[in-house]
Amino acid sequence: MSRFLLPVSVVGTVIGGTVLLKDYVAGGACPSKATIPGKTVIVTGANTGIGKQTALELAKRGGNVILACRDMEKCEVAAKDIRGETLNPRVRAERLDLASLKSIREFARKVIKEEERVDILVNNAAVMRCPHWTTEDGFEMQFGVNYLGHFLLTNLLLDKLKASAPSRIINLSSLAHVAGHIDFEDLNWQMKKYDTKAAYCQSKLAVVLFTKELSHRLQGSGVTVNALHPGVARTELGRHTGMHNSAFSGFMLGPFFWLLFKSPQLAAQPSTYLAVAEELENVSGKYFDGLREKAPSPEAEDEEVARRLWTESARLVGLAMAHGSPGRGHAIPR
């Protein structure tokens, strides 16, 4: 009998350790029970994955939720699903293609005209490790969608957010930002050989730098902005990595994926927390890893890099030339 005790003990320890690791990786549910009745929320990329789950969570809490997506067919289905699950009729789909500056401006104009307020902006949409594609305006796709598109959208909606204060901006970054570097000599990957992983890391570093710089410019406005790493989730974001398309990887790495990958529902909890938690009302310019505040990479803390990136981004998206736009110029001088 005693010869079975050691194997059983080892198996029990392994199973227990696996469960604890799974719980740690998952990060848990949003600890805040706050509701947001009467508040208007915009979630980009909300037709699937983390974005859809974030929209669902905020609709459950009573928000007027706008799903801003490129694929309107999928977006309408997502909005219908959320209305059905939450019984909240104030959930709708609007077209927003972050790979098109024209589409971003059209969306912003529509929101400014039709919405009395914008209380929460969740910049969630992203592409990851795609081929060397470019946006409608010629920007490298990951830099254009993950960062530049949200940079323009946020600036165009700033006046509405300020008028709705206290309001919040949540920017989804990634742990991958720590491997990123802002190459001001070739932001658009036109001179060097394209590296899709490095391009993704650069785009996510840009998101954190944008968050830091914007928080300085928003001081005293009643608008806060924070960035977060939601965790690694099982979503369509990784469709270009090849991991989900390989039978071998699915078989060999399936247990690893199960252990270390969050469900979209759990990955949406940090965004929900930053959007609603009363204790975070005055917190701004911070980076969160899941539900916990954490120091970002050293380059993400470089104020000179952040200011330079802002100036270059404004030039690239034409903010200074957007005469008559509510977000023209640098929006809030610093």
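Glycine is no exception: its Cβ is also placed from the backbone N, Cα and C atoms.
From a predicted model like this one, the values you see are computed outputs, not experimental measurements.
Per Swiss-Prot, the features are:
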- S2: N-acetylserine (MOD_RES)
- G45, A46, N47, T48, G49, I50, G51: NADP(+) binding site (BINDING)
- S174: substrate binding site (BINDING)
- Y200: active site, proton acceptor (ACT_SITE)
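Feature map: annotations from Swiss-Prot on the structure.
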residue: G45; record: NADP(+) binding site; Cβ contacts under 8 Å, 6 or more apart: G51, A68, C69, L98, N124, A125, A126
residue: A46; record: NADP(+) binding site; Cβ contacts under 8 Å, 6 or more apart: K52, T54, A55, V65, L67, A68, C69, C75, A78, N124
residue: N47; record: NADP(+) binding site; Cβ contacts under 8 Å, 6 or more apart: L67, C69, D71, K74, C75, V77, A78, A93
residue: S174; record: substrate binding site; Cβ contacts under 8 Å, 6 or more apart: Y200, C201, K204, H229
DSSP-derived class (H/G/I helix, E/B strand, else coil) of N47 (NADP(+) binding site): coil
Cβ-Cβ neighbours of G49 (NADP(+) binding site) (radius 10 Å): 22
S174 (substrate binding site) - helix vs strand vs coil (DSSP): coil
T48 (NADP(+) binding site) CB neighbourhood, other CB atoms within 10 A: 18
